Amino acid sequence: MSDTQAAPIDPAVLDAAHPANAVRPRFAKLREWTKLIAITGSAQATVQAIGFICGILVIRWLSVEQYALYTIANTMLATMTMLADGGIASGVMSQGGKVWQDEAKLGTVIATGIHLRRKFGLIAFLVAIPVLNYLLLKNGASIWQAIAISACLIPTFVSALTGTLLQIGPKLNQDIQSLQKIEVTSNIWRLAMNAVVLFILPFASLAILMTGLSQVYANWKLRTLSARHASPLEQPDPEVSTKIQELVRRILPTTIYFCLSSQITIWIVSILGNPSSIAQVGALGRISVLLSVLVSILATLMVPRFARMEQNPRQVAAKFYQIVVGLFGVLILFNIFAWAFPDALLGLLGDKYAGLQMLLRWSLAAATFGTLNRVTSQLMNSRGLVMPPTLYIPLAIMAQIAALASQDLTQLQGVFAAAILSSGFIFVLRNVYFLFANRDTKVAAS
């Protein structure tokens with residue numbers, strides 16, 4: 001027997017080497033994601049539920065004519081907000097993802113983004129307001145109604161210029177619960193104000209104003225929350241501004257096109273249709289809002305983590321398609337439910353919108369591709385993978401023209417079908433570009 005004895009083996013090493021324990025980190029990660037999604041999902045479900053109830057109150061209490069004006073104004077508000085951003089939020093997220101652990105540097109990035117957004121916002125407002133008033137007057141609004149609606153848009157629009165940027169610090173640091181507490185509280189205020197005001201004075205302008213006031217409150221709370229993660233004392237930085245504007249120059253042409261194409265259903269109906277058709281499209285769009293909870297979860301939880309991933313093309317691609325395929329599966333299930341039980345969803349809108357079963361199905365199918373495009377765009381932009389406008393816009397316009405030419409645009413079903421065809425093409429185009437652009441990052445990094 002040898003005098004030398006083997007050194008004792010650390011039990012921790014044996015425990016880690018055991019096959020049953022080798023997979024524990026994987027299950028721990030799964031439990032972590034399950035917990036995060038459950039927390040985020042429940043809070044976002046609450047936010048979306050309150051927003052959905054607000055939307056239903058507006059639909060039920062406004063007349064068809066007033067709801068048509070409300071739909072036009074909300075559509076223009078979305079357009080103004082997109083134009084005012086032009087890719088700035090994506091640039092701030094991209095630059096902030098590189099310095100998210102440094103409060104001063106992150107504060108500089110956010111301050112720079114807000115400075116740029118205010119400049120863009122003024123231009124967007126001056127361009128959009130005349131178009132808004134033309135569409136309102138064309139669809140039955142009086143001059144005073146058009147002025148009132150335009151004025152009531154201002155609080156919401158001004159708040160939107162800073163609100164999304166103030167969320168970036170908490171999102172990058174995954175301070176999700178604090179962020180969602182603000183969202184829930186502001187939506188409760190919105191619901192309470194809508195319930196009181198619209199019951200007495202059911203006007204489109206007041207419905208819009210209630211949204212704006214609740215957003216002003218949310219921004220007040222967001223400034224305090226953002227200050228925990230990003231210094232609010234920093235000033236805009238020219239170097240950071242240059243980097244953000246580099247991304248903006250690549251995104252802005254696409255954003256301008258998207259402003260027109262994403263709302264094309266409303267634009268076509270506003271020009272070729274009548275207030276009743278506009279109200280129907282807007283009411284059906286309220287059902288599609290149920291899909292927004294998925295986008296909110298991804299924007300709050302997944303996109304910031306995706307932006308923070310290291311430059312490993314294989315891992316980035318795997319995470320990208322995990323998110324996209326998972327989202328697509330959930331959207332398909334929702335569409336199956338809508339096809340099987342349309343009356344259950346239409347019953348929420350009230351008797352004024354009964355009998356729209358087939359249009360509901362078409363509307364949700366169009367919203368499905370719109371949701372997929374929004375998420376893929378957010379994911380790609382967060383990594384700086386922006387399709388060149390010289391490639392994207394001509395192809396998208398050709399697809400849009402072909403889709404519109406193939407349908408009867410005097411019928412709502414034809415308008416929705418055209419939206420499905422063009423959105424489906426753009427979704428495929430974005431995914432093909434991602435495959436090539438993500439692969440090329442490996443070459444650039446080496």
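Note: Cβ is positioned from N, Cα and C throughout, glycine not excepted.
Among the features that TrEMBL reports, transmembrane segment is placed at 36-61 (among others).
Residues 58-59, 113, 116-117, 120-121, 123-125, 127-128, 131-132, 135-136, 139-141, 145, 149, 153, 156-157, 160-161, 164-165, 204, 207-208, 244, 247-248, 250-252, 255-256, 258-259, 262-263, 266-267, 270, 275-276, 278-279, 281-283, 285, 381, 386 of the same chain lie 6 or more positions beyond the ends of the transmembrane segment (67-88) yet place their CB under 8 Å from a CB of it. The transmembrane segment annotation in TrEMBL covers 67-88 (among others).
The transmembrane segment feature in TrEMBL is assigned to 120-137 (among others).
The transmembrane segment feature in TrEMBL is assigned to 143-168 (among others). Outside the transmembrane segment (143-168), and at least 6 residues removed from its termini, the chain residues within Cβ reach (under 8 Å) are 69, 73, 76-77, 80-81, 84-85, 88-89, 92-93, 96, 110, 113-114, 117-118, 121, 125, 129, 132-133, 136-137, 179, 203-206, 208-209, 211-213, 215-216, 218-219, 222-223, 225-226, 230, 304.
What TrEMBL records for 188-213 (among others) is transmembrane segment.
According to TrEMBL, the feature transmembrane segment maps to 283-303 (among others).
What TrEMBL lists as transmembrane segment is 323-341 (among others). Within its own chain, the transmembrane segment (323-341) is flanked in space by residues 287, 290-291, 294, 298, 302, 306, 360-361, 364-365, 368, 371-372, 375-376, 379, 431, which lie at least six positions past its ends and keep a Cβ under 8 Å from the stretch.
Taken from TrEMBL, the feature transmembrane segment covers 353-372 (among others).
Look at TrEMBL and you will find 384-403 (among others) tagged as transmembrane segment. If one looks beyond the transmembrane segment (384-403) by at least 6 residues along the same chain, the residues whose Cβ comes under 8 Å of a Cβ in the stretch are 87, 94, 247, 250-251, 253-254, 257, 261, 264, 417-419, 421-422, 425-426, 429-430, 433-434, 437-438, 441.
What TrEMBL lists as transmembrane segment is 415-436 (among others). Long-range neighbours of the transmembrane segment (415-436) within the same chain, counting only residues 6 or more positions beyond its ends whose Cβ lies under 8 Å from a Cβ of the stretch, are 261, 264-265, 268-269, 281, 317, 320, 324, 359, 362-363, 365-366, 369-370, 372-373, 376-377, 380, 385, 387, 391-392, 395-396, 399-400, 402-404, 406-407, 409.
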